[in-house]
Every structure is written in C-alpha cells, then in structure tokens.
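**Q** Sending over a structure as structure tokens; questions will come in a sec.
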Amino acid sequence: MFKEMHDLFQWAWLIPFLPFLSFLIIAFVTKRSKRLSSTISILAILSSLSLAVAIGLGVIQLGEKIVEHPAIVNVNWLNIVGLQIDFGTIVDPLSAMMLFVVTLVASMVQIYSLGYMHGDEGFSRYYAYQSLFASSMLGMVLATNLLQLFIFWELVGLCSYLLIGFWFFKVSAREAAKKAFITTRVGDFGLLLGMLFLYVKFGTLDFVALSVAMNTNIQDVAVIGTAGYVTVMAFLVFMGPVGKSGQFPLHVWLPDAMEGPTPVSALIHAATMVVAGVYLVARMFFLFDHADPMALQFIAGLGAFTAIFAASIAIAQDDIKRILAYSTLSQLGYMMFALGVGSLTASMFHLMTHAFFKALMFLGAGSVIYAMHHKQDIWEMGGLWKKMPITGTTFFIGVLAISGVPPFAGFWSKDEILAHALHNGHPIIYGVGLFTAFLTAFYMSRLFFVVFMGPEKKENHPHESPWSMTIPLMILAFFSVFGGFVALPEHNFGYYIHYGEFEHEAIAWGLAGISVIAGFLGIGLAYATYVKKAISAEKVAAQYSGIYKLLKNKYYVDELYLWLIHHIMDGLAKILYWFDIYIVDGVVNGLALITRGSGKVLRRTNTGQLQTYAMVFFFAVVIIFMVFAFGEGQLSALNPLATLGGVK
C-alpha cells in the first residue's frame, strides 16, 4: 500500500502543471476563441482537482505513515558556488488538504465565470490569468523549500495584481492593483530577509532539513546562537504573511481588491492569496515553535486584534463586496490567533471551512450584482429572496456557516479555535474571539436581511442567475453544510494535520454552547433591527455619530497612511532640495568661483612690465626658500637620532 501510494504521490507535480499548461495554451494559441480558452482552462483545473482528490484519499489511507514520512520528490535545479537549489513536491496531510481546497474553489470559480464574464471583451485573458493564479498557488503549496515557495509566492502576488486590475480602464481598479502590489512588497521584504538569515545560519532552506536542524541544534547555544536570533528570524518570516494575509497594519490593500471581477474576489479571499500567509506560518510552524514564546504570543495578539478590528468596520459598511472583504480580514485574524495559541489543527480546519462558505458568499454576491446590473450598495437592493431563490438559499447557508450555527461547517472550526484559546491559557484572546463571533453574526445577518428580505425596489428587475453560476453555489453550499463533520473525533482531522500531537478527542459542548449563543444573539439583533424594525439603526447611528463615522471611515487608517507618506515625502524632498542647492550646486559653483578668482589675481600679474615679473619672481623664490627651510627644521625636530649624533 505504502509503495503504491508513493507512486501516486510522485505525480503531484501535474496538479500545478496542468493549469500552467492551460495558461500557455490560452496565451499563445487560443486567445482569440472564448469557448476554447474557457474549455481548456476548466478541463485543466478539473483534472487537477481529480488528482488532488486521489492524493487526498491516499493520504487518509496511509494515516500515521504519511504523517511521519512525507512523500518528497526533489529535482536539482541549480548549483551555484556550493548552493544547491532544488525544485520538488511534498505530499503530506497539510499539502493534501490545501490541494483539495484550492482546486475545488478554483474549479467552482472558473465554471461560475462562464456566466458572469461571458460578455467581457477580455474573456480569454481572464481565463489565462485564472489558470496562472491557480497554478501559482498550487505550486506554492507543494514547494519543498522556502526559495521555491517564495518564487510561487511572488507569482501569486503578480496574478493578484493582474486580476485586481483586470478592468484596467477603470482608474479605481488600476489604483487598487498598485496598492495591493506595493503593500504586500513591504511584508515580502521582511520574508526575504528572514530567508537569508535562515540560510546563513543553517545552510539550507529545505523545510525538512530546517526542522531537523532546529530540533538537533536548539539545545546547543554555541551552534544555534541565542534564542533571540531565532526569534528575529521568526518575526522577519512572519512579515510576509502579515502582508499577504492582510493582518494589521498591512490590511489596507484587501478591501480595495474588490475592484476586480467578483469571481476573482472569491478566489483571492477563499483559497489563494490571502490564505497563502496562513499556510506559510503553518508550514514553518517549527520555526515559531522554537523561537521565544513571545513570537507566538505576538501572532496570537495581532490575529485577535485584526479579527475584532475588521469585524467592527464591517458593521458600518454598505458595499456588499466590502462587507465580505472585511469579513475575510476578520476570519484571517481567527486563523492567525489560532496559530498563535498553538493550535495548527484549528487554524487549518478553519481555513478549509472558511474557503467553502466564503467562496459561496462571494459568488452569491456576484450573482446578486449580476442580477442588479452591477449595483453593489445593499440599500439599493431588497426583496431578492423571491426573485433569486437559489442564490438566496445558498447565501443564507453561508451566513449560518460563518455565524457558527450548528451543524454548519463554520460552527466546528470556530469552536475549535475558541476552545483551544481558552484551554491553552489565553482567556483574553478567547473573549475577543467570542465577541468577534457575535459581531460576525450581526453584520452578516444584516447583509442578508437587507439584501434578500428588505423592501423590494420597484426600479429593479432582478432574476435568477444562469445554471453556470448557480450550480457552483449549490456545490459550495453542500460543503458549507457538511464540510465541518471531518472534525468529529471518529474522523481524526486533527491527527493528520497537527504538527506534533492530536489536540483533543471530544467536542467541548459547554464552550460550544457559549459560541452558539453569541452567534444567535448577533443574528437576533440584526433581525430585530432590519426586519422587525424594533431598533432604529438610524437613531443609533445618530446617537453615536462619532463612533459610526470612525467605523464608516475604517478608523481613518488609509487617511493616516496618506498623511504620513505625504509628510515623509515632503520632508525628504526638502532635505534633497537643500542638499542639491547647498552641497551639489555649492561644490560646483564654489569651484567656479575659485577658478574665476584665481584667474583675476593672475591676470593682474600679466602687465607686460619687466619690474612686475621681477617682483613676482622674487616673491616666488622667497616662498620656496621658506618652505624648504621650515620643512628641514621640522624634520630635524621630529628625528630623535639627529639630536643624539646618530645616523644622518
């Protein structure tokens, strides 16, 4: 069995290769044919999905063996002055789970796009970018070393830039694409430094070799250096995920990424770019585990802050896609603080369930926008449940899942995170997570009630989306309902994913009940406010206008950044101006003045009179005589042998 499965795992390279081949074919052969381009792209990603499912089943069958001995295939790529760079694939429970999630969501997005993008002039270009995006993320998941991962990491960033700015004729899309690209570069700079430090210290960037080296040498201070050095490397590596996964303060690019086509938003937010950072921390968990405990504490604190920070902003937003964007930021905070409290299992489990229901809700939002002729303000919508029953029902399933209502998928993963935060000695983070769960249920229910159950607008003429768009919604709704059952003790999800030991065997039903109550309170408050009108949202906003404006304007973080950049650049410009005027121009003009002045002096000696030349000659001889006389005296004074009658 083990040998047969390993033979299967050796074909894992086909999973990212097939979408990449699709990209090349579309870009250079079929770009003029919309039907061929979309067909090739969808067939490629469905083939990758089939292989990912086969590999996932193989991993489950091998159980403990694949946990202890991952299937690794490496091919030597470059040898530079003793540096060996490999390209390869690693198949273990973590990568197998990610392969399934990415290929499933990418497949649903590409099928959905047949309807959503059918009239777009850049249809073939869109599918080429989609194929490259999926290929890049899948290549990153299978990477066996940090350098290989970084190459695909940057490709993921490039694809996000291309897809966010897909409608490049819109100024807002171009600006959003640049904002995403530049903001994530800040985090990537830290990641690159961390990689360099790791290589200098350990002589390798291979994940398995790094893990073995740390486990072997961590006790030897002379070999490993101080624990602070490892902690510095951990913080530098973590800068990459802060940017990619939109953690505060590098979160500002993610809401603006909504300028791209809605299916792109679904792919970015559910299964590719934003979860890449979470995956990197999980893959490099041994580094954070060997660092000072404050490294994981920092990750937990930052994740918890991002979760509640983004959730509070979401309750005051009116754009359907931006509400979902801040929801993603908040859920990414959940995943990060789960890693910070030491629960890799819960974090990866929530990454999986979140991919299902977030892709479902983004595609559902796209269906609404499509039916509403690209309106995105929720207050311009209403009464869509009757007009769009499939979209409404599936979207409601997504809302229940993210709100943590049992038995939907989000309930199981969110409960795991909160339970481990409390059990591992982080009551404050548990409290923040619980309150964030309440806010999440409130703003997502607010979105649903306003859009689907609010007063119908007569000027709108919505209709249900075509089957190419509704079938992916139903498939994702299925996983949003049943995807959480893999966490039940008899399925041992945590055993396969967790780095080290299995987390716990039984569901903590008492704590689960508290989180469920928080979710129902949020749903109930939204229902009372936006359906029954028992609470006036307008009066509350007017009464607390300062807080409302703060949340509406996203705590003015973007404005603060613009102010800082403006003043920093203005100050730097003034310094450079002063340097140019007084240093650069001063040196150049000073030399000119010296040359001009010496010329004037010498010109006065050129009179044509013999006595003038004689006088100049006389002064020159006197000066030369004094220089030689002074120099000889100085040399005599400095030579001790001369005073002792020594060697002359």
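The backbone N, Cα and C atoms fix where each Cβ goes, glycine too.
Since we're looking at a predicted model, the values are computed, not measured.
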**Q** Checking feature assignment: transmembrane segment per TrEMBL, candidates 69-87, 126-144. Which range matches?
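**A** Feature transmembrane segment in TrEMBL: residues 126-144.
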**Q** Have a look at 393-413, 582-602 and point to the one annotated transmembrane segment in TrEMBL.
**A** 393-413
**Q** Check for me, if you would, whether the transmembrane segment (264-288) reaches the transmembrane segment (466-487) - at least 3 Cβ pairs under 8 Å, residues 6 or more apart in sequence.
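**A** Contact between the transmembrane segment (264-288) and the transmembrane segment (466-487): absent.
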**Q** Should anything in the same chain at least six residues away from the transmembrane segment (94-114) have a Cβ under 8 Å from its Cβ atoms, list it; otherwise answer none.
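**A** The answer is 12, 15, 19, 38, 41-42, 45-46, 48-49, 52-53, 55-56, 59, 126-127, 130, 133-134, 137-138, 141-142, 261, 263, 266-267, 270-272, 279, 282-283, 348, 351-352, 355-356, 359, 363, 366, 468-469, 471-473, 475-476, 479, 496-497.
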**Q** Given the model, what does the mean pLDDT over the domain 'NADH-Ubiquinone oxidoreductase (complex I) chain 5 N-terminal' (77-127) come out as?
**A** 91
**Q** Take the C-beta pairs under 8 A between the transmembrane segment (507-530) and each of 294-316, 323-349, 393-413, 466-487. Which stretch has the highest count?
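**A** Between the candidates 294-316, 323-349, 393-413, 466-487, the best contact partner of the transmembrane segment (507-530) is 393-413.
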**Q** Looking at 323-349, 393-413, 466-487, which one has the highest count of Cβ pairs under 8 angstroms to the transmembrane segment (294-316)?
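**A** Stretch with maximum Cβ contacts: 323-349.
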